[in-house]
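**Q** Quick one: this structure, given as structure tokens, is what I'll be asking you about.
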Amino acid sequence: MAGLRVEVISLFPDMFAAISEYGITSRAVKQGLLQLNCWNPRSYTEDRHQTVDDRPFGGGPGMVMKIKPLELALADAKRAAGGKAKVIYLSPQGRQLKQADVRELANEEALILIAGRYEGIDERFIEAHVDEEWSIGDYVLSGGELPAMVLIDAVTRLLPGALGHAGSAEEDSFTDGLLDCPHYTRPEVYEGKCVPEVLLSGNHEHIRRWRLQQSLGRTWERRADLLDSRSLSGEEQKLLAEYIRQRNDS
């Protein structure tokens, strides 16, 4: 099985060493599960200053990335990707990326990620070439490189064989619409704080129910909006009600 191809168009390709040289994504690259290439629009300019931006029409602060270098870089990225590659622009104007979206992207054969800079890129490029716009949150960053790396990392975790333990991705936060439960490791007691007894019991069913209850409770406390879009089973409703009752009594 060929790995997922990710072609990135960025003015700062060296930043993506964080993906190719470290952690799970690095291992995926070495195993051939992820193929990562970067394309710098500066390499497609025709002037000695390698100009990739210009002032915005209508005035205003900042600069806007020019169309031509982006189009030429995109053409090479598409040729490298082969076949049909989904073109994604990382943008604060995009839809907010959710785990369900990541799962869909992990099924693609190839992705081309556009990492903008300055005030953004010429809208005509977006209209002509971009399939989807995605945002990683409601805050301002200096460019699209970090969001692109977030997307690559999230997608890579879902590629078969990328994680050391096959069940790790299924147990992550958001995978089933809930936040993750608390985790503990040795020592059993640290500065007077003990690991919950149920985790030491060896009773797998009790442990499963405790973890599910903690996930439900943590989601209710911190991200109640996630519960609004999730239909709880009878067991989940009972566990959450018990969690809330215990919290109110404490």
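Using the three backbone atoms N, Cα and C, a Cβ is placed for every residue, glycine included.
Per Swiss-Prot, S-adenosyl-L-methionine binding site is recorded for Gly116, Ile136, Gly137, Asp138, Tyr139, Val140, Leu141.
Help me understand the surroundings of these features in the structure.
**A** There are 13 other Cβ atoms within 10 Å of the Cβ belonging to Leu141 (S-adenosyl-L-methionine binding site).
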**Q** Neighbour count first, Cβ atoms within 10 Å, every protein chain included; then name which of Gly116, Gly137 tops the list of binding-site residues.
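**A** The residue with the densest Cβ neighbourhood is Gly116.
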**Q** Within its own chain, what residues at least 6 apart in sequence put their Cβ under 8 Å from the Cβ of Tyr139 (S-adenosyl-L-methionine binding site), listed in sequence order?
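**A** Counting only residues 6 or more apart in sequence, Tyr139 (S-adenosyl-L-methionine binding site) has no Cβ neighbour under 8 Å.
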**Q** Let me make sure I understand the span of the S-adenosyl-L-methionine site: among Gly116, Ile136, Gly137, Asp138, Tyr139, Val140, Leu141, what is the greatest distance between any two Cα atoms, in Å?
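**A** If we measure all Cα pairs in Gly116, Ile136, Gly137, Asp138, Tyr139, Val140, Leu141, the largest is 16 Å.
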**Q** For a quick check of packing: other C-beta atoms within 10 Å of the C-beta of Val140 (S-adenosyl-L-methionine binding site), how many?
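**A** Cβ-Cβ neighbours of Val140 (S-adenosyl-L-methionine binding site) within 10 Å number 6.
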